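Chemist: Got a structure for you, written out below as structure tokens; questions coming shortly.
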Amino acid sequence: MRKLLLVKYAPEIFLKGLNKGKFERKLKDNIKNVFNDSKYDFVIDQGRWFIECCDLEDGIKRLKRVCGVSEICVVDEIDSNMESIKKQALKSVFENEGKTFKIVTKRADKSFPETSMDVSREVGAYILQNTEKLTVDVKKPDFFVNIEIREKTYVYSKRIKGIGGMPYGTNGSTMLMLSGGIDSPVAGYMMARRGVQLNCVYFHSHPYTSERAKEKVKELAGILKKYTGSINLYVAPFTKIQMGIIENCREDELTIIMRRFMMRIACNLASKYNIDSVTTGESIGQVASQTMEGLIVSNDAADRPVFRPLIAMDKVDIMDVARQIGTYETSILPYEDCCTIFVPKHPKIKPKVEEIRKAESVLDIDGLVKEAVENTEFFN
Ligand code: ATP
Ligand code: MG
């Protein structure tokens with residue numbers, strides 16, 4: 001008998017029609033990538049994907065980082081005969097805590113003498129005879145025992161939820177504005193989880209923001225990399241722009257003008273490196289600069305779609321995801337961000353496009369953006 005991991009992918013991939021093959025291939029490559037430094041085997045049996053590895057727990061951990069994997073099941077591969085099937089099914093019920101179960105049998109090997117229904121019935125009866133507190137519930141069981149009969153038979157009951165979503169790299173690309181805060185890493189993760197290829201840009205105001213703040217952002221990009229395999233991080237110098245705004249613009253308009261510069265640089269880098277869109281960690285109403293009017297004025301500076309996957313999420317829910325993906329502990333480390341250094345006492349909460357365009361026109365916008373893009377550092 002061998003133990004294997006059965007990998008199931010998001011039902012959405014089944015809906016892809018003619019493109020299904022493309023999505024499956026990408027997912028397969030991504031799974032192979034997370035195992036590339038370990039000894040493993042990728043086994044395909046009639047459309048079913050199995051991973052054979054020495055350390056199952058480690059294998060599960062790896063698969064839980066792959067976007068598009070919806071479920072991981074620990075499977076026992078046994079000989080195809082009723083005696084072995086019954087014994088193995090009985091063993092597998094002890095992996096569950098529920099009180100009601102259902103047997104689901106699939107018979108791919110039609111030469112097996114009994115029908116699926118017969119197998120389910122016989123195995124169910126055997127489990128009832130050999131346990132005390134379990135009952136069958138075919139409508140809403142606490143757990144399933146799955147039996148798949150092929151040349152060999154696969155029995156499984158333990159299911160582990162994967163992160164779901166779509167295979168990474170199947171849905172275009174985005175430039176994530178990655179600050180050191182809680183929100184933007186979560187926004188990046190959510191895009192990656194839907195298959196969007198991630199690149200990050202961080203605006204660094206040396207010496208007002210320390211080297212340590214930059215290291216923190218690199219660390220966050222490193223955590224996101226667990227889900228993406230690789231990640232490009234661009235660090236754009238922002239001090240000159242920030243000082244220019246502070247010296248030439250009204251205090252209550254500092255934040256919104258600064259945001260527009262960030263947006264322009266992000267778009268410029270996106271254009272330079274062939275990246276389709278921009279993503280931010282903004283959430284409507286969260287702070288003064290994230291009002292509807294504020295977001296509209298920021299968008300006005302963009303030349304491509306700007307995505308805000310957290311737009312309708314509450315902070316507590318964003319924090320939950322941050323904990324779950326492992327960025328929270330790093331995000332809360334107390335290093336300053338360029339937005340937290342020069343915060344106006346009363347930022348404008350209802351800025352208007354025309355008004356802000358006029359206010360910023362005293363600056364050499366194109367020159368400043370060009371210089372920042374030219375001096376951007378690259379890490380991966
Ligand atoms: P976060 O937790 O992501 O920092 P926040 O709630 O602190 O978000 P803001 O500081 O207003 O909100 O920033 C809003 C968004 O602008 C961020 O989510 C991020 O996408 C982007 N952003 C802000 N500061 C920077 C920066 N220094 N570098 C890159 N992006 C930034
Ligand atoms: Mg922030």
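Here the Cβ of each residue, glycine as well, is placed from N, Cα and C on the backbone.
Among the features that TrEMBL reports, ATP binding site is placed at Met177, Leu178, Tyr202, Phe203, Arg259, Gly281, Gln290. TrEMBL lists 57-160 with the feature domain 'THUMP'.
Tell me what's around each of these sites.
Modeler: Residue environment of Gln290 (ATP binding site) contains 21 other Cβ atoms, counted within 10 Å of its Cβ in all protein chains.
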Chemist: With DSSP helix as H/G/I and strand as E/B, how many residues of the domain 'THUMP' (57-160) fall in helix, strand and coil?
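Modeler: Tallying H, G and I as helix, E and B as strand, the rest coil: 34 helix, 37 strand, 33 coil.
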Chemist: For Gln290 (ATP binding site), what is the secondary structure state per DSSP, taken as helix, strand or coil?
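Modeler: In three-state terms, Gln290 (ATP binding site) counts as helix.
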Chemist: DSSP secondary structure for Phe203 (ATP binding site), reduced to helix/strand/coil, please.
Modeler: strand
Chemist: Cβ distance under 8 Å to Met177 (ATP binding site), same chain, sequence separation 6 or more: which residues?
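Modeler: When sequence neighbours closer than 6 are ignored, Met177 (ATP binding site) has Ser184, Cys200, Val201, Tyr202, Phe203, Met262, Ala266, Val278, Thr279, Thr280, Gly281 within Cβ distance under 8 Å.
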